[in-house]
Amino acid sequence: MKLKRIAALLTAAVMSVGVMASCGGSKSDDKSKADTKSAAETSGAEGDSSESEEIPVSQTHTNDPMTVTSAKDLVAKMSNGWNLGNTMDATGEGLESEISWLPTKVYTNKFMIDMLPEAGFNVLRIPVSWGNHLIDNNYTIDPAWMDRVQEIVNYGIDDGMYVILNTHHEEWYMPKPSEKDGDIEELKAIWSQIADRFKGYDEHLIFEGLNEPRLRGEGAEWTGTSEAREIINEYEKAFVETVRASGGNNGDRCLMITGYAASSGYNNLSAIELPEDSDKLIISVHAYLPYSFALDTKGTDKYDPEDTAIPTLFESLNELFISRDIPVIVGEFGSMNKDNIDDRVKCLDDYLGNAAKYDIPCVWWDNYARIGNGENFGLLNRQEYDWYFPKLMDVFKKYAESDPSAAAA
């Protein structure tokens, strides 16, 4: 691993030589710039693979053969997942927004993504915020932003991973009657462009229509109302119809559907109404449990194995969906670093163990944050190409190796 890390750093340095020369950078800046630049930063002027140098990213994967499969069968091939958090979902403008929320300004590159399968992950979720990258009143997505998103999608696809692409911090949707029609118009406009760009990809690419849709800033923001839940069901219907009408492989693509706030609460889960479709829909839920241990910055740093939050979640998911042959993916989970690695290991083992009973893949939220008093979910050291917490990685590998169907994918 050490040799591979050194090779990755050297190759990254070689890739950025042309960029630095054109910008007049000094030799003393070489190492830091090599560590923080990716080829895509130059909007295709430099590529980080021979393929991207020869073929524009927009012309890749235009006609991949599609293996038509049910969502249940597809999810059965998944093991552990990893979120590229606080990256493409940052809410700034321009290509620089990719690094605006990161503690060290490291652009995503192929070497990072190559580390995931080796560590026991075969699912890559790429949260993307699109609203600040629209260039006109017709909701046209900035072509440079679309290209950069596609480049990162290709990193995972070319590694044989299952890639989940979503709309993330979209401040423009608010599930209220007064906002509904405008929200659906924008939702359809954005997803029609995403679906068209990626319609040639095979079943390894999954679309997730919404991320934690909720009444932002209101008293019921995280609990929801019956009215808001119904409107979100309408949003999801519009998402599915838009993708299905876009042609290519999208008629058979598996899609992820979320309820209010992607909540794991029973009331919100039970209010999900799946749009009329084939057997290619997957439920998406987010669950940082037990809350006081996993997500509350002022909560406990001790994990109580007698806490029932985790088993109760998976029992509810089984009752509402799995038992009805509707697959589920936990699209976000994790426990933040409170200098309590042994307790985090126990929690992760319990979480993945309960999920495995029902063949539910879980996707860790990695926001590249590790120290301080905030939400520190970082696992991958994106600058040094190693893992911050090897004991946690051992747990992921344990469950990846115990899932022969996922390993065979």
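Just so it is clear, glycine is given a Cβ too, placed from its N, Cα and C backbone atoms.
Straight from Swiss-Prot, the features:
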SIGNAL    1-21  signal peptide
REGION    23-66  region 'Disordered'
COMPBIAS  27-38  compositional bias 'Basic and acidic residues'
COMPBIAS  57-66  compositional bias 'Polar residues'
ACT_SITE  Glu212  active site, proton donor
ACT_SITE  Glu332  active site, nucleophile
Using a Cβ-Cβ cut-off of under 8 Å, list the residues of the same chain that are 6+ residues beyond the ends of the compositional bias 'Polar residues' (57-66) and lie near it.
44, 51, 146-147, 150-151, 154, 157, 197-198, 200-203, 249, 252
Taking DSSP states H, G and I as helix and E and B as strand, how many residues of the compositional bias 'Polar residues' (57-66) are helix, strand and coil?
3 helix, 0 strand, 7 coil
I want to check the contact list for the residue listed as 'active site, proton donor': same chain, sequence separation of six or more, C-beta distance under 8 angstroms. What comes out?
Thr258, Ala261, Ala262, His286
Can you see whether DSSP assigns Glu212 (active site, proton donor) to helix, strand or coil?
coil
Same chain only, sequence gap of 6 or more: which residues have a CB within under 8 Å of the CB of Glu332 (active site, nucleophile)?
Asn83, Arg125, Ala262, His286, Ala287, Tyr288, Val363, Trp365
